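Shown next, in structure tokens, is the structure this report addresses.
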Amino acid sequence: MTASAREEIDSAIKSNDIMLFMKGTPQFPQCGFSSAVVQILDYLGADYGSMNVLEDQEIRQGIKDYSDWPTIPQLYVKGEFVGGCDIIREMFEQGELRPFLAEKGLITAEA
Ligand SMILES: N[C@@H](CCC(=O)N[C@@H](CS)C(=O)NCC(=O)O)C(=O)O
């Protein structure tokens, strides 16, 4: 990973309590997996930062190296890698995602 990619990723993760590395933007996701995570975060009323990895191949590869995770999307919460689409969807469906984010003061505990 290039030093500039690492710096950009570090900075995005540090400055956003919830940070989503995705394909496309929340308004215009360009992959169904990214879209699914956006829909879940929006449903929960989460405030999150996002980065479109399709705009920068160094970030697209860099985030995989950074997290040691082979795919996009990738969700970070308070500096910790939480997972990709399958993990986020599973946490949501099991009713675990709202309390996970609420305990960190990032969303309300109730809808
Ligand atoms: N099972 C994955 C699905 C995501 C996925 O397979 N992403 C692929 C296709 S969008 C990917 O990022 N491939 C590498 C790449 O496009 O750089 C998850 O839980 O997030």
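First residue shown is number 1, and so on along the chain.
Even glycines carry a Cβ here, placed using N, Cα and C.
For the domain 'Glutaredoxin' (18-82), DSSP puts the residue distribution at 27 helix, 18 strand, 20 coil. Taken from TrEMBL, the feature domain 'Glutaredoxin' covers 18-82.
With a cut-off of 8 Å between CB atoms and residues at least 6 apart in sequence, the same chain places Met22, Lys23, Gly24, Ile72, Pro73 near Cys31 ([2Fe-2S] cluster binding site), listed in sequence order. The [2Fe-2S] cluster binding site annotation in TrEMBL covers Cys31.
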